[in-house]
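The active site, proton acceptor feature in TrEMBL is assigned to His140. For Cys148, Cys151, Cys199, Cys202, the entry in TrEMBL reads Zn(2+) binding site. Taken from TrEMBL, the feature domain 'Deacetylase sirtuin-type' applies to 16-291.
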Amino acid sequence: SVSRTSPNLTFVPACLPPDPAEVEELQRFVSGSKRLFVMTGAGISTESGIPDYRSEGVGLYARTDRRPVQHAEFVRSASARQRYWARNFVGWPQFSSRQPNTAHLVLRDWEKLGKLHWLVTQNVDALHTKAGSQRMTELHGCTHRVFCLACGDRILRSELQEHFEALNPTWKAEAFGVAPDGDVFLTDEQVCNFQVPACRKCGGILKPDVTFFGDTVSQEKVSFVHQRLAESDSMLVAGSSMQVYSGYRFALAAREKKLPIAVLNIGPTRLDHFASLKLNSRCGELLPLIV
């Protein structure tokens, strides 16, 4: 039931088409699994037009010297929050309209067929949710939700967009390029007059419901994912170099349990030296070939 969508290859590194022998190897891997644990990263969403951080030549780090906001800076600095939200406000209409690509839909179908036991995504773009995946954990949260650091009140990001518009009726800014987590590049001059709303319930600081760099994933969520991994019989990593420890720890746990691990990612990963199988293809090109 996978509907074919034309991939957006702007942010996808160049790679060769899938090798038939590799397709066969991944087919054997998936067919031999009864309870597959899948972990996805930014490389599964690049074909939906969302850039990643680390891809060679096309990732944010390769294209610019810009770095994502740090958790401590966001919490401590009102100007850092103003800069973050101004950029996010401009980028939100485009980012939130991104749609799942073929790879997201394939994983949804594997879940429906009972093949996929649990999906963990490191992405914050809601594309797995839009695709219809349900047996899923968003390891780093989701930009489509916002919460108050003081009272914990939660609102939808789309609702916050309306608050921004009401507070900034004449503010306009032209973006210079798009970044991975829904924001864009703006100059300090553009940002300085942007008004940021406080929590409507208590006046506290509003933050996207995501784990920023420098922050940690809750122990409760980590334990839950470890439980799902313990119930699984193999692990597939799709579209991630696994450079971030919060995801890498589950691959280490899978290795400890002697689970077979397949990696589908363009470019090297931290798992290459112990994975059972490493495939260097686009997720949206290879996954639909697996029956």
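Every residue, even glycine, has its Cβ placed from backbone N, Cα and C.
Note that this is a predicted model, so its numbers are computed, not measured.
Mean pLDDT, taken over the domain 'Deacetylase sirtuin-type' (16-291), works out to 91 on the 0 to 100 scale. Taking the Cβ of Cys151 (Zn(2+) binding site) as reference, residues of its chain lying under 8 Å away and at least six apart in sequence are, in sequence order, Cys199, Lys201, Cys202, Gly204.
Neighbour counts of Cβ atoms within 10 Å were compared for the binding-site residues Cys148, Cys202, and the top value is held by Cys148.
Sequence-distant neighbours of the residue listed as 'active site, proton acceptor': residues of the same chain at least 6 apart with a C-beta under 8 Å from its C-beta are Gln122, Asn123, Val124, Val210, Thr211, Val217, Ser246. Cys199 (Zn(2+) binding site): 19 other CB atoms within 10 A of its CB, across all protein chains.
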